[in-house]
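Here is what TrEMBL says about this protein:
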DOMAIN    7-200  domain 'CobB/CobQ-like glutamine amidotransferase'
ACT_SITE  CYS96  active site, nucleophile
BINDING   ARG131  substrate binding site
ACT_SITE  HIS195  active site
Amino acid sequence: MAQVIKMAYLYEDLMNTYGDSGDVKILSYLLKKQGYDTQVDNISIDTADFNALDYDFLFFGGGQDFEQTVVAKDLRRFKATITTYIEAGKPMLAICGGYQLLGDYYETSEGTTIKGLGILPLHTIFKADSRMIGDTEFETEWGTVRAFENHSGRTYFDDPTKLKPLGKMVTGYGNNPEDGVEGMRYKGVIGSYAHGPLLKNVNLAQGITEKILACYRDRTAALTK
Ligand code: GLN
């Protein structure tokens with residue numbers, strides 16, 4: 001029987017402007033090479049119910065401000081299940097707009113505030129006059145990562161004892177122009193501003209693949225008990 005890794009793509013139809021679906025395609029390719037099939041479910045506005053614990057990986061890609069506003073409103077109904085999944089240490093990758101929405105809030109330059117899920121102690125301030133756009137390079141636990149960033153939101157950690165950066169900047173801005181760091185790690189969650197897609201960096205993609213396989217083994221072992 002084929003072994004099927006289940007991935008939930010949060011709002012694939014709305015949060016997909018920056019080509020981040022490539023991250024999911026790369027992970028599927030790497031898992032296939034190891035003999036696994038993948039099933040990717042779009043969890044969106046028309047999804048009646050969603051239990052994150054049925055999945056081995058959650059993905060939340062980047063999006064533009066308008067889509068983020070729409071998604072932020074709907075997303076709240078999944079807060080409990082996503083929190084349980086994250087606190088259980090299961091793997092998730094959130095890019096740019098998705099990363100921002102895991103935090104407390106996203107304040108736009110007009111002074112309006114998009115409420116995030118509030119799972120991670122971080123917040124984002126939008127600065128319209130200085131978009132952070134260009135090639136990035138940063139050092140991570142898995143080695144050097146090269147990507148592309150394109151965001152006006154500046155993200156700040158509110159509890160640095162809880163959150164760790166994904167990497168240290170060599171080139172580009174990352175979370176904001178001041179801190180010299182890129183992205184965030186909390187338990188099994190990686191947040192990042194890196195597009196490109198990020199997982200064209202196979203070192204990092206392999207690291208995430210291992211976490212997904214461990215999650216799959218736990219989930220399927222629990223099912224057969
Ligand atoms: N709209 C957000 C920003 O500019 C997110 C952009 C993105 O997801 N690339 O910060």
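Including glycine, each Cβ sits where the backbone N, Cα and C put it.
Just so you know, TrEMBL annotations are computer predictions that nobody has curated.
From a predicted model like this one, the values you see are computed outputs, not experimental measurements.
Residues within less than 8 Å, Cβ to Cβ, of the residue listed as 'active site, nucleophile' and separated from it by at least 6 positions along the same chain comprise TYR18, ASP20, GLY61, GLY62, GLY63, GLU149, ASN150, HIS151, GLY153, SER192, TYR193, HIS195. For the recorded site, ARG131 (substrate binding site), the DSSP three-state label reads coil. Mean model confidence of the domain 'CobB/CobQ-like glutamine amidotransferase' (7-200) amounts to 96 (pLDDT, 0 to 100 scale). In the three-state DSSP classification, the residue listed as 'active site' falls within a strand. Secondary structure at CYS96 (active site, nucleophile), taken from DSSP and collapsed to helix, strand or coil, is coil. The most densely surrounded of the recorded positions ARG131, HIS195 is HIS195 (count of other Cβ atoms within 10 A of its Cβ).
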